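Student: Dumping the structure here so I can ask a few things about it.
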Amino acid sequence: MSFRVVRNSKFRHVFGQALKREQCYDNIRVSKSSWDSTFCAVNPKFLAIIVESAGGGAFIVLPHNKVGRIAADHALVGGHKGPVLDIAWCPHNDNVIASGSEDCVVKVWQIPDGGLSRTLTEPVVDLVYHQRRVGLVLWHPSALNVLLTAGSDNLIVVWNVGTGEVLVRIDCHPDTIYSACWNWDGSQLVTTCKDKKIRILNPRNGEVLNEALAHEGSKATRAIFLRHGLIFTTGFNRSSERQYSLRAPDALGDPIVMVDLDTSNGVMFPLYDPDTNLIYLCGKGDSVIRYFEVTPEHPYVHYISQFQTPDSQRAIGMMPKRGCDVSTCEVARFYRLNNGGLCQVISMTVPRKSELFQEDLYPDTLADEASISAEDWIGGVDADPQLISLKGGYVSQAQSTTLTVTKKSNVLDKMAPKRGGPKSLSASTGGSAGASANGSPVTVNNGDGGSTSPANNGTQQITIGGVSEAQFGELRTKFEEEFRKLKAIIVKHENRIRSLEATVKALTDRGLTEVDGAGLAPAAPSTSSSPAPPTSLPPTSDDGTQQQVAGGDAGQYRNSTLEPDEV
């Protein structure tokens, strides 16, 4: 009788290989913060790593072709006043990244193509609401410009980055929030908290749909939604042994699988590939990357193998499937940082002899286009993420790579005016600047202390800093006239100074002692203590005033002693 001993799986022989050192990134001062975060974010264009920075928080952004040793003075993204705790690339715009910091502010940045040539300190928008440090930022998988943030104030805030306003405020956690994850279409949210509980929430109203004890240990736990609805968690048991579990959303308290892993004390971060149902477990301080496959048959979570390195890891980031090399059957790529400053690139491949596109390894994957807008999502619309085929390589279909933020009038709009030229104020009678959705007039904050509001006769009145448009025009005209007069005075004095310098230079070159044109004899030495009376007056300027030469001694001119600086 024959029977199968080894499980049949095309990912059974996945193996990792580290690239050569010259193909990696070196001399990176990775953050020494004790916050439980991966400290690294990757997309097909850039690699971002949180680094140590004096006087605030910063992270470095590197194009993938800038390998080798990174200069110590390389340009950073450094606008935070406290250490940066978490960063996340926007899934729908590879040039946009969000960062949360200990300064309680979330900033959204626009990175130019090709990387940074100088330190970037001006974000696209500041999101100010949290009262304590922000340790988690997470983008919505299918809705454009929807960002989730969580802080040590036990709050979850869902933002519309396109307007800079808060969409949802969730206050159901009694303690610090460790992790959060959207489900496949972004209609639900799973969170883990310091109170050891795992919760499934409705992200539009904050309603708790289900909750249960996650792991009995007191250390940090993490949870992620899998593509088909199951929940995978990592944590610690009562003996501080690391373990993972697989749960169904409607039976959180009864895990399908609960497995003890080892006795290490580093928090494990589950990195999930929805295309292949592979889960990679990367622990902070570990020297291995374990990977598992989730299947419908028992034991549901199958251990495949592990990638071993000689040194421990400090931070790690996973490349989206769009950035993997399909020609070499690469199914995952990791960017792993150690304490020595080396960012090691690890490629996970499935060996295949054929050079053709392997459709079983590369089903349609997540695209860089959003399915719905933020307004549609908060209105109750759910949509699966857009998918693309990787056959022939990834080609971006995005129409624009610039994040546009339209500030609305709201209590949270506390951004200081940016330095630069005057803003152009414009409004349309049919747009949001002139009327609200029901036709009632609204006042739109321009972000510089001014506002735009419709007058009773239908025309718009623009107020800037409490000054009306007409008064502003008068003040501008007055200031321009004063500037013109001041400029005329400066030009007049400049001509007078040039005339004096020319006269002194002429006297010095000719070696004269008098200016009346009659006496050419050299100056005789004086025997008295008082100066001799002048034989003639010094030349006068155009306005009739006498020119004073050589410190006020107008009667004697010594040969080659006058300098232009003495006038």
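Cβ coordinates come from backbone N, Cα and C, glycine included.
Keep in mind that this is a model prediction, so the values were computed, not measured.
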Student: Would you mind telling me which of 231-265, 476-510 TrEMBL tags as coiled coil?
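Tutor: Here TrEMBL associates coiled coil with the stretch 476-510.
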Student: With Cβ-Cβ distances below 8 Å as the criterion, list the same-chain residues six or more beyond the ends of the repeat 'WD' (77-119) that contact it, or say none.
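Tutor: Contacts with the repeat 'WD' (77-119): 31, 33, 35, 37, 39-46, 48, 50, 53, 56-63, 66, 125-128, 130-139, 141, 144, 147, 149, 151, 159, 161, 320, 366, 368-370, 385, 396, 398, 401-403, 405.
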Student: Across the coiled coil (476-510), what is the average pLDDT of the model, as a whole number?
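Tutor: That region's mean pLDDT is 82.
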Student: When secondary structure is assigned with DSSP, how many helix, strand and coil residues does the repeat 'WD' (127-169) contain?
Tutor: 0 helix, 25 strand, 18 coil
